[in-house]
Amino acid sequence: MGLFDKLFGSKENKSVEVEIYARISGEIVNIEDVPDVVFSEKIVGDGVAVRPIGNKIVAPVDGVIGKIFETNHAFSMESKEGVELFVHFGIDTVELKGEGFTRIAQEGQSVKRGDTVIEFDLALLESKAKSVLTPIVISNMDEISCIVKKSGEVVAGESVVLALKK
């Protein structure tokens, strides 16, 4: 670290504020209320869930799609600021083997906030899934210094659900 870094701070020491937008329209639900311990006990990270309305899951940030599960019920992505996100539709939806889900985006694709990643049939999923609560979690929480969770009704791609400092 040089003299100017000590006086003015280096880029590496500056925190970055990141807003994570709703990936699905609906009502925010506490992550602790998701009926799956993997999410409610924050085993895979901290975040929020949404009780969905509508028929699409969108990119919650500008970034790159990582892995999209073969069954299209979940995906990971990384924001341009390096925040790693995991989006999962419903609980035990993997057991539906892709029924009710249509992949729109592809792994490795650069996306903008609001771009459609997956489309879904909500009526079918409500009738067949254990729950349609849709969690989004930060999987690299060790790099996050502060997380503020929003509440209320949200619109996909338009409403902030999490405000972070990285």
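Here the Cβ of each residue, glycine as well, is placed from N, Cα and C on the backbone.
What Swiss-Prot annotates here:
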- HIS88: active site, tele-phosphohistidine intermediate (ACT_SITE)
- HIS73, HIS88: Zn(2+) binding site (BINDING)
- 36-140: domain 'PTS EIIA type-1' (DOMAIN)
- HIS88: phosphohistidine (MOD_RES)
- HIS73: site 'Important for phospho-donor activity' (SITE)
- Can you tell me the three-state DSSP label for HIS88 (active site, tele-phosphohistidine intermediate)? strand
- Rounded Cα separation (Å) that holds between HIS88 (active site, tele-phosphohistidine intermediate) and HIS73 (Zn(2+) binding site): 6
